[in-house]
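Note sheet for the following structure.
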Amino acid sequence: MMITLKKPEKFTKIQRRNFVRVYFLSNILFAVIGNKNGLLDINEDEITFDSGYALDLSAGGIRLSATRDLYLGDIIMMNIPVKEENLSLKGKVVRVEKDENNKGIYGICFIDIDNKTVDKIMRILFQIMREQRKLGIEGD
């Protein structure tokens with residue numbers, strides 16, 4: 001039996017991720033400042049920061065591990081120490097999972113981020129990638 005396949009006439013490249021993702025472990029601080037209904041009506045002195053761990057980082061978002069429960073659509077403010085930089089970024093929870101210890105693993109998409117900050121994060125990420133390659137560390 002012979003099966004004949006026709007050569008495709010058109011190719012479509014599909015890329016789901018807009019930015020490179022880098023394995024990145026770091027303590028971060030974050031505070032919930034809103035939810036899917038909008039920003040919370042709170043003063044700056046009423047904001048409570050929680051700690052969590054960054055698991056990976058891209059110019060479009062971060063994967064966060066935290067004991068505090070977050071929900072889809074939550075808006076958070078994050079303080080992420082990267083190299084000599086201290087990035088203060090706003091993000092939206094777009095994915096919620098639990099690990100084997102029932103700790104939350106959250107996909108956070110950066111929002112209200114300007115191109116200058118995206119470029120800064122990309123430069124930092126490529127620097128981290130070069131260092132990881134020298135050490136033989138592989139990402140996802």
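Every residue gets a Cβ built from N, Cα and C, even glycine.
Source: prediction; values computed, not measured.
Annotated features, as they stand in TrEMBL:
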- 15-127: domain 'PilZ' (DOMAIN)
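Over the domain 'PilZ' (15-127) the predicted model carries a mean pLDDT of 88.
DSSP places the residues of the domain 'PilZ' (15-127) in helix, strand and coil in these numbers: 16 helix, 60 strand, 37 coil.
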